[in-house]
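Everything on this sheet refers to the single structure shown next.
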């Protein structure tokens with residue numbers, strides 16, 4: 001069963017990264033084929049339906065989070081912050097990459113990756129395309145930033161592992177602060193390296209402010225856009241949709257929404273539904289305006305929602321057939337007894353493939369509890385096991401099983417395989433550095 005599970009994941013990854021089929025098709029065809037081949041055909045419908053039922057809150061959350069923050073972007077709520085960042089970055093590729101990192105790190109403190117993606121991509125994607133900067137670098141910095149600050153108590157990873165191991169999220173967050181700071185610093189460092197590379201590639205010069213874009217290169221702008229100043233105002237929305245008089249109302253509504261999310265006043269999908277309804281009614285009171293806003297964002301919603309629902313087929317088959325349990329146990333069985341007392345590095349190492357090949361729920365609720373039990377036998381406390389399990393967050397950000405990556409791919413138009421191939425080395429490097437910091441500070445014993 002474990003061999004079948006790893007084979008299924010391997011074939012899926014090969015098809016997606018090799019651009020043989022679009023991810024949505026691979027999500028559906030590969031697991032269904034394996035399920036039928038294993039004799040689980042009669043039961044596969046139930047597996048998938050159960051998985052889709054589990055995904056329903058996620059789909060609702062993403063749908064209305066996208067609609068809410070898209071409405072706020074259209075209304076110009078984030079214009080002052082974005083304009084300030086863009087005024088500092090100018091046309092310098094290095095400053096633009098650093099500005100991307102800073103904006104993403106600040107915005108992602110709310111623990112909601114979807115809002116960060118919408119805001120940062122909305123602010124910087126036109127600038128990247130206009131100046132010919134590789135959009136895949138935007139994705140790299142954005143993904144690293146999100147996972148750096150996603151270790152807050154209200155962030156998804158900490159919340160999941162705390163529930164799985166019955167830990168206090170606040171205590172786990174405090175424990176992981178050094179790793180969080182190191183990941184944030186690494187994100188800035190990666191942005192600096194990528195920015196310097198783009199400076200050289202585009203032959204950027206501070207003296208003459210030239211931008212030479214290779215013919216046919218990614219994000220090649222129109223000929224008339226190669227020189228001259230970038231007007232930040234042109235990147236911040238449509239004059240017909242911006243609502244400057246409502247900026248304080250929109251800010252108050254957004255703050256109230258974030259407070260409600262952090263305090264768990266109600267389920268997150270319900271909060272976003274209510275906030276979106278209020279936002280669109282106040283900012284765009286006429287039905288024709290509301291219809292126009294919905295039609296504008298419908299393509300993004302369709303891409304993201306269909307991808308997530310298709311991913312539910314894969315997770316449903318993995319869980320329903322018992323593949324996920326067999327895969328977890330097989331990982332445990334390969335751990336030699338000689339590692340007794342040194343299970344921390346093993347836990348961190350196993351987190352790398354675990355976070356990449358498995359969904360968030362499958363990893364945190366299926367694998368981590370099993371590894372934690374083994375860790376107890378090898379001298380690790382559940383808190384230490386949880387800390388080690390979280391170190392591969394940057395790797396997880398590039399997993400095709402993560403809805404956030406599907407959202408990024410949909411918004412930027414990039415292929416998931418390209419995103420993974422070009423950015424995986426950076427995510428691995430950040431994970432390794434963060435692990436080194438955790439071991440150095442004694443958070444997880446060597």
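Cβ from N, Cα, C; glycine included.
The domain 'Citrate transporter-like' annotation in TrEMBL covers 13-389. TrEMBL lists 28-48, 55-78, 135-152, 172-194, 248-281, 301-324, 386-414, 426-444 with the feature transmembrane segment.
Using the rule of three or more Cβ pairs under 8 Å, pairs at least 6 apart in sequence, the transmembrane segment (172-194) is in contact with the transmembrane segment (135-152). Mean pLDDT of the predicted structure over the domain 'Citrate transporter-like' (13-389): 80. Among residues of the same chain six or more beyond the transmembrane segment (55-78), those with a C-beta under 8 A of the stretch's C-beta atoms are 112, 114-115, 118-119, 122-123, 236-238, 241-244, 246-247, 250-251, 254, 257, 267-269, 272-273, 275-276, 279-280, 283-284, 293-294, 296-297, 300-301, 304-305, 308-309, 311-312, 315, 403, 407.
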